[in-house]
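J.: Dumping what TrEMBL says about this protein:
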- D291: active site (ACT_SITE)
- E415: active site (ACT_SITE)
- T501: Ca(2+) binding site (BINDING)
- 566-586: region 'Disordered' (REGION)
- 1-27: signal peptide (SIGNAL)
Amino acid sequence: QLSKWSTGGRPILLLLLVVTATASRQAKNPFLADENEARLTHFSSSQRSAALNKTREMFYFGYDNYMEWAWPADELDPIHCTGRGHDHARPDNININDVLGDYSLTLVDTLDTLVVMGDERSFKQAVRLVIDTVTFDKNTTVQVFEATIRVMGSLLSAHLIASDESRLLGDFFIPDYDGELLDMARDLAVRLMPAFEGTRTGLPYPRVNLQRGVLPGTINETCTAGAGSLLLEFGLLSRLTGDPSYASLARRINRILWKMRNAQTGLLGNVVDIQSGAWLGHLSGLGAGLDSFYEYMLKAFIMFGEKEDLEMFNESYANIQNHLRRGRVACTGTARGEHPIYVNVDARDGSTANTWIDALQAAFPAVQTLAGDVEEAICHHMLYYGIWKKYGVLPERFNWITKSPDVAFYPLRPELAESTYHLYRATKNPFYLHVGAEILESIDHVTRVQCGFATVHDVNTRELEDRMESFFLSETIKYLYLLFDDANPVNVHAERLIFSTEGHLFPVAKRPPRREASRQESATYRRFWNWQDASDAQDPEGTVSMREGATALLRRLAQQAITVGEEEGGGGGVLSPYRRKTSNESCESPIGRYELPVEREAMTGVFESIGVDEAYWWM
């Protein structure tokens, strides 16, 4: 036996030694982080300060150039340093005209970003400029959804901030402000109202002329998100004006769409005929056409406390998990199996409809985080982070089979930054600060031009086109700044606030103010922002108190809804996703340090599946 091992068996012995040595190198001490893990799970105060200053510089580079070269036009063309407005020469240019209404869009949309920046002087100047120069009496045809979320939402947010004598977010109270922004928001809403008339289903036309109403030849189809994502803005307008018609209208539309979901899958399509009610598009996903419809179910519940909205979200989320989710069952804690992905399916049977996912879906991890399903949010976010890492920006559509863009432009969208911000606030894991810094640096490196930041026409070649959409300053920069600024009043008072789908700051409040003929509303508005002052009385409508934090409230009422369902019908109907056991409920690290949000092997698997060059994995 000795001669066997010492002669002919020598290769076997060498092989065993090699295997043992390799295994020992791969075995990871759970108490030690390797160099990359140590770097990605720590973010120093100097790094945070540098990122915050960089974000601030980028905001003012974009904002100041807009004000110098583009205002009062809607948008800045940052390459040629000029302004862009409604394309009156080509009425069918909906890529421009749906959004740009000749109402200084970027200035209006950016009002509460100035608040996030703590810039009291510029905010007050901008409010006065909007009041003095912006009008909606324009012969422009705009999309109802875009005008609502970008313009009306910003006016309502800025109105509340300018009226807030308690100065919750800073010294932004304007003593001589007389509710003009609220009047403008209502004027815009009135001009949008013709879109809600004259359809057999009750669903609105997608576009309306601000002077002449719905024009002959207006298309009779709308996307689900476009019609069903109005409730936050319309509901807030109702509460501020005392006119319930706006909230009732938005809620009625949501109920109509909800009744149209498929009987077999519970899913909705993405395009519907507003006259016949027939689905023209059966694609069901989490991106364009549907994204904010699900988002507003959850946020409307948090904001207004109607259990109907929570029940709709719970059922929708369960159907999403059942029909759209692919990949391994366990999200974290393992690298075995394919990384989870939410695909586009046919709403009629849940079969896979195509092999691309789009950039708007990158916001859904923020919704999952708000809903308390943090582990799913972590995995969902990781996929989009991998795509960003591959290109340095996010293509509009990415094909997960060919590992390449189906639509290659990047218009400075905020969705990945939004999810990164919410995941950091939920977990406090420094990894997300690194992700935010990477997003910030690549936007600056790839898109900065002479007078601002430009749309990426092709993520492969990084060719640029001359457009800086308003949401870059309204959302992308806002979320990145808040990510790095823990002490920002918006973060300090996070449980009193919720972000609209355009990133505007809305209050989570129980008892809203009503318009007074005298307009002496300061005490009422103070109560509106400071919900602790307003939560003592019982709500006559039976809605819930908003005194507790939004997440705690959501979990409590979700549990109540399940308990009631079990009592009434056995089984409680749809199982709420918030009951799911997670490993990060306390968001604390018992060993005094953070770890990567998913296992390193799982993260490597994501990068490999997307086709990220190995040289960039841990940069």
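Heads up, residue numbers simply count up from 1 along the chain you see.
For all residues, glycine too, the Cβ spot is worked out from N, Cα and C.
Note that TrEMBL annotation is computational and uncurated.
Keep in mind it's a predicted model, so treat the numbers as computed, not measured.
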J.: To the nearest whole angstrom, what is the C-alpha distance linking D291 (active site) and T501 (Ca(2+) binding site)?
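T.: Given the Cα positions, D291 (active site) is 10 Å from T501 (Ca(2+) binding site).
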J.: Take the C-alpha atoms of T501 (Ca(2+) binding site) and E415 (active site) and report the distance between them in angstrom, rounded.
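T.: The separation of the Cα atoms works out to 10 Å.
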J.: Enter the number of other CB atoms within 10 angstroms of the CB of T501 (Ca(2+) binding site).
T.: 23
J.: Please work out the number of neighbouring Cβ atoms within 10 Å of the Cβ of D291 (active site), leaving out its own Cβ.
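T.: Looking across every protein chain shown, the total is 25.
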J.: Including all protein chains shown, what's the count of other C-beta atoms within 10 A of the C-beta of E415 (active site)?
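T.: Cβ-Cβ neighbours of E415 (active site) within 10 Å number 24.
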